[in-house]
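Novice: Next up is a structure, given as structure tokens.
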Amino acid sequence: MRVRHPPCSRRLLAICALVSLATAALLGHILLHDFLLVPRELSGSSPVLEETHPAHQQGASRPGPRDAQAHLGRPRAVPTQCDVPPNSRFDCAPDKAITREQCDARGCCYIPAKQGLRGAQMGQPWCFFPPSYPSYKLENLSSSEMGYTATLTRTTPTFFPKDILTLRLDVMMETENRLHFTIKDPANRRYEVPLETPRVHSRAPSPLYSVEFSEEPFGVIVRRQLDGRVLLNTTVAPLFFADQFLQLSTSLPSQYITGLAEHLSPLMLSTSWTRVTLWNRDLAPTPGANLYGSHPFYLALEDGGSAHGVFLLNSNAMDVVLQPSPALSWRSTGGILDVYIFLGPEPKSVVRQYLDVVGYPFMPPYWGLGFHLCRWGYSSTAITSQVVENMTRAHFPLDVQWNDLDYMDARRDFTFNKDGFRDFPAMVRELHQGGRRYMMIVDPAISSSGPAGSYRPYDEGLRRGVFITNETSQPLIGKVWPGSTAFPDFTNPAALAWWEDMVAEFHDQVPFDGMWIDMNEPSNFIRGSEDGCPDNELENPPYVPGVVGGTLQAATICASSHQFLSTHYNLHNLYGLTEAIASHRALVKARGTRPFVISRSTFAGHGRYAGHWTGDVWSSWEQLASSVPEILQFNLLGVPLVGADVCGFLGNTSEELCVRWTQLGAFYPFMRNHNGLLNLPQEPYSFSEPAQQAMRKALTLRYALLPHLYTLFHQAHVAGETVARPLFLEFPKDSSTWTVDHQLLWGEALLITPVLQAGKAEVTGYFPLGIWYDLQTVPIEALGSLPPPPAAPREPAIHSEGQWVTLPAPLDTINVHLRAGYIIPLQGPGLTTTESRQQPMALAVALTKGGEARGELFWDDGESLEVLERGAYTQVLFLARNNTIVNELVHVTSEGAGLQLQKVTVLGVATTPQQVLSNGVPVSNFTYSPDTKVLDIPVSLLMAEQFLISWS
């Protein structure tokens, strides 16, 4: 730990010079401090998501009393202090457009930027902080059991009301790779996010980081011990801590930043004056807009392939501003500053360390990984059942049938209409008899318009006091699908019990299997409430982030409404998460098996309880392509069960688009085709025979790969791994992978290169160093009950030095490659996972040049709770070496004991084998292709018993 003292003033320059001659080390600190105030500039950036508001605008208002009063006696910035490189200027007018006079009154520099207006927004700020702008001072720094504590004091108020002039800093060195610090008001308790996080009681003995402090202006500098690289430097701009405006800025080690979801953007965010707003909102995915979820975590790549992450545990409305220096500023409207830094150093380690804090993903039931089908407009059980029958007749796998609002009585939760859905329970039981499952939409808003005694969920909720209330302590009433509605407060323990009861009572009528929780930002068709919102500081804060609609009440409920734990102002971004937790627990209680919840609104830690779909996407090629970075993004955030609506939800799809989307969707961790109310049909059987054949081929491939996908989810659940992952996660030292976001990996082994443009019969993808085998050379369909597609000639392997490769991609093909060095389990595909799980299995073995490969299979009954705690699972490792394949039985029980291994396909066998043995018994009917270097070995073995297969 080092403390950096402030640079000398001009008045003391001569004295400081003499002191510096005697204290060279101190001068070194000063010079380094001054250098870090202006981070080095890096050129190049990706397109802008959304730019910050201009600091100058014609017709801006004159300085108001707040500005004048706040800055009495403050010296103005002098020209030499304003000589700051444009890309390193931090905005002194984040709250509004201001004039030169207003900027001067704030003690800031005013230099109009050269670029002109872009609509209503601009790039670099015109009004910006000088390096001498007053900030907090570090005092009383001392060691603690966990790290350090200190007091931060400010003598000059800012231009925001209710500055907190004295703060407490706590720095906790929690683990070797995790640093945690908080900045709080020591005199008054402020809202903190009620997220369960690890509790550590002693400091890490050998951290991978060092911590330094700047005394005045206060700042925290975090370095990587290995190379001294600065990962966090908060001295680049003043710290703000007012009641409703908190700002913390830091330099960034590179421009390669990902995270800060949920937004429609490339995987790597632009650092070209990009504003990212976090305030959950019901809005069809639109560039530059705040969407359904808020995840204040970013992962930054560094030169050489190391990475680190930063998590601000804060649920208030906020902006995050990225600028080209590169640097980042957090701007929150409340709470505290609760910051975690994750040292990695590998990107996948950063993800795991983040999940150590927010929670590892839940383990989904096996059936949840099958194909799901839904549309708004299945208006009766007869129509819904006919869809299932059509899928079966056309030989399309289908595991889960869904219904949208159509099933409800007057669009009210926990009801079904007695017209089109009078035999609703019987339909669900019939699905179960066919080995399928059923899910339906459940919105959080509860109808409040009926007479007393007419609607039990509202009557009972009112009796138990479970609803969010207004300033008169009455339930806040908004409008959603059923009309006037109240909103459950899922932070209230009474609401959790009430929700469990409502779910259980409805499940007693209709034995559904999972819950689709929608509209839970929460969405509201009117602004605030039927009675409007109060005129107070929560509804009209001094700083409003760049939310669509311009106010915090837009498309949701009043910010000042009351919940059990705090105001909605503080808890809004947690609404979807708290409903997901309630629904997760309610399903466990009602069904006694593993819950399956898909939610639209999310927050950090969501993956511990539920999955996510990316909302109301358009049926367009642009949104097909943008779904790839979004799926990757949510995996990095610990929400691996994620997918976009296959073929799109808004607008009509086309046959080609739907084929390509089905091919990509076959590699979403969560795959659902969902259609809007008035659109043309987009069920797979609705298209031409060639299109159906292409879709069937993609679905068949997914079902064959389900044992591997399930194993990946197990690894995510127990070890914080990702399921779908960006290439840079596996190949961080190859900088060519860093911006690849139109391909994805499943785990370490499978590389998927989809076609994302219209009219294309080939596709170009990046292949990192290694051998990549075409998965289509592995025969899988013969294992199952579905008809095999016609074979097509393929290039069996790509030997890459790290290069872009153009691949043939006719309409019936999605390119999937198996990485050398890996073994994946396969299973015969059926029309349901119930059927597939009874089919024989196979192994695809992809050898390296040295003839080695490894893999894993995790297997259980697919839906029981606590299988790990009870030991009710089978786990098998596979190893290939020296022309031999063996399995290692890590854990074996009756679950998996009957899994039959019927075929082993070895890729990359260099020479023709003369003999193949299975447990010492010759295999006479093996086949080998000298052209493709593929060895197919028919066997009759059990996965859960030791075996040895060899060739020579």
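Glycine too: its Cβ is placed from the backbone N, Cα and C atoms.
Swiss-Prot lists these features:
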type	residues	note
SIGNAL	1-27	signal peptide
DOMAIN	80-131	domain 'P-type'
BINDING	ASP404, ARG600, ASP616, HIS674	substrate binding site
ACT_SITE	ASP518	active site, nucleophile
ACT_SITE	GLU521	active site
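Quick one: where do these features end up spatially?
Specialist: Across the range of the domain 'P-type' (80-131), the DSSP-based residue counts are 12 helix, 7 strand, 33 coil.
Note on ASP616 (substrate binding site): other Cβ atoms within 10 Å of its Cβ, all shown chains, come to 19.
A coil conformation is recorded for ASP518 (active site, nucleophile) in the three-state DSSP classification, outside any helix or strand. Neighbour density for ASP518 (active site, nucleophile): within 10 A of its CB lie 24 other CB atoms from the protein chains shown.
Shown in sequence order, ASN280, ARG281, ASP282, TYR292, ALA555, THR556, HIS572, TYR575, GLY576, ARG600, SER601 are the residues of the chain, 6+ apart in sequence, with a C-beta less than 8 angstroms from the C-beta of GLU521 (active site).
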Novice: Round to a whole number and give the Cα-to-Cα distance in Å for the pair HIS674 (substrate binding site) and ASP518 (active site, nucleophile).
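Specialist: With the alpha carbons as reference points, the distance is 13 Å.
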Novice: Can you tell me the mean pLDDT for the domain 'P-type' (80-131)?
Specialist: 86
Novice: State the Cα to Cα distance, in Å, between ASP518 (active site, nucleophile) and ASP404 (substrate binding site), rounded to an integer.
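Specialist: Computed Cα spacing between ASP518 (active site, nucleophile) and ASP404 (substrate binding site) is 10 Å.
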Novice: For a quick check of understanding: among the binding-site residues ARG600, HIS674, which residue's Cβ has the most other Cβ atoms within 10 Å?
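Specialist: Max Cβ neighbours within 10 Å, all protein chains included: ARG600.
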Novice: Considering all pairs of residues in ASP404, ARG600, ASP616, HIS674, annotated in the record as contacting substrate, what is the maximal C-alpha distance expressed in whole angstrom?
Specialist: 14
Novice: Restricting to the chain of ASP404 (substrate binding site) and a gap of 6 or more, list residues whose Cβ falls under 8 Å of its Cβ, or answer none.
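Specialist: Sequence-distant Cβ neighbours: CYS374, ARG375, TRP376, GLY377, TYR378, MET440, ILE441.
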Novice: Around the recorded substrate site, report the further residues of that chain (criterion: Cβ within 8 Å of the mean position of the Cβ atoms of ASP404, ARG600, ASP616, HIS674; site residues excluded), sequence-ordered.
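Specialist: Neighbours found: CYS374, TRP376, ILE441, TRP516, ASP518, TRP613, GLY615, ASP645, PHE649.
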Novice: Any idea what DSSP makes of HIS674 (substrate binding site), helix, strand or coil?
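Specialist: Strand, per DSSP.
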